[in-house]
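Worksheet: one structure, shown below.
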Amino acid sequence: MHLYGTQSINERGHLAIAGVDTVDLAHTCGTPLIVYDIALFRERAKAFKETFKSMGIQSQVAYASKAFSSIAIYEIAQQEDLSLDVVSGGELFTAVAAGFPRERIHFHGNNKSYTELQHAFDEKIGCLVIDNFSEIEMVKEIAEMRKEKMNVLIRVTPGVKASTHDYITTGQEDSKFGFDLKNGQADEAFLQLFNHPYIGLLGMHCHIGSQIFESDAFRLAAEALMSKMISWHEMHNFVCPVLNLGGGFGIRYTDEDKPLEPSAYVKEMATIVLSMTRNYNYPVPEIWIEPGRSLIGDAGTTLYTVGSTKEVPGVRTYIAVDGGMSDNIRPALYGAKYTAVTANRMNEPQSNRVTIAGKCCESGDKLIEEAYIAKTTYGDILAITCTGAYGYSMASNYNRLPKPAIVFCENGEKQLVVRRETYEDVIRLDIPLQKVKWGEKI
Ligand SMILES: *Cc1c(COP(=O)(O)O)cnc(C)c1O
């Protein structure tokens, strides 16, 4: 059994997080319940920042907040002096509601709407990461109309194919994201942006995928971007002050995952940047990174209550829990693997082989195909670890299940940061027939 961060087994044989008994939490707050180990998030943030500092490199570590977006986590990110990546008007709105410093907000996305771009100008955010030619047109138009400057990065696809699941690779050429580095699109984008009076071109950005374990892929991407920046310097005498190398650092979900320390990936990339700048006499750029999963993933644990059990003789035992693909779609969406423990029986052998099923009406709604947990009965509390990234943020109301509550734990303290949805919340946007006439203000 792998205990993450401040997880421990307390004197009652229960799983504790930051010294808080998770079984008590489940009984007080109900389940499914997502519990975050905030000290672990802070520790990860500090490790990234420290790596750059120890190498003497100016940096920004941006929390890629699509992994888990809420006002409270944005407040913690601000406390840790992180920057923030948002990918939509909704995430930007959340950041503003959290009072996040605008100059450290970076806005991503392959299809930002005109309204979203205006929103970014309204808030005077730190940087837009420009993804395509139509966005260049829109950004120029808005900037010229307002006579307001906007800082931008050019997102490129460096042609690096990291060996991860196809759905989460984005660095290869055939991608919906960014300008191709090899076929001239990135150069064309540069020409359209670099000497515009209202555009502050900061440099280049790439994000090659997610849950990547090989540091080679990151090194190759950094090399490709540096080469291009060096060529722009030679041809146009333009120095990019920023190099943004994205996120995607892999984490440990199960025993099979063997990631490096998150900061080891950063070290690999920074090392190649330092050596290339030295060789080509290019000023060392500020390096920005954008970890999402590797900051928040293993800080999250989801608690469920065990319900029905179904034995298929000679085949398997299904243990059903009170959530599923509605709060964690990753297993159903791309076969993501997780680990579970029986939180109220931590001192019993976690050796009973079962399939953990959700409660949604889909055969594919299985959270863990092959889990090894203590013998469980109705009412036991099951904890699935490492659910902090892309769980709640991808949650839905499928089957009209209300979304879970979220609790932050740190130093023996706990606090509710996202309220559990009620059935009233679930029907909040419904309009009964003929209550509102067409065109009438709702
Ligand atoms: C999703 C995303 C990230 C974060 O990816 P992780 O795998 O969670 O680290 C970083 N940058 C961009 C542009 C992204 O879209």
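First residue shown is number 1, and so on along the chain.
Here the Cβ of each residue, glycine as well, is placed from N, Cα and C on the backbone.
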GLU290, PRO291, GLY292, ARG293, TYR390 bind pyridoxal 5'-phosphate per TrEMBL; candidate in GLY248, GLY335, GLY358, GLY439 listed for that same site
GLY248
Taking the Cβ of each of the binding-site residues and counting other Cβ atoms inside 10 Å, which one has the highest number: GLU290, GLU362?
GLU290
Of the recorded positions LYS66, ARG330, TYR334, CYS361, GLU362, within 10 Å of TYR390 (pyridoxal 5'-phosphate binding site) (CA to CA), in sequence order, we find LYS66, ARG330
Sequence-ordered recorded positions from GLY248, GLU290, GLY292, ARG330, TYR334, CYS361 with Cβ under 6 Å of an atom of ligand 1:
GLY248, GLU290, GLY292
Which are the residues of the chain, GLY248, GLU290, PRO291, GLY292, ARG293, TYR390 excluded, whose CB is within 8 A of where the CB atoms of the pyridoxal 5'-phosphate site average out, their centroid?
ALA64, ALA67, SER210, GLY247, PHE249, SER294, LEU295, GLY297, ALA389
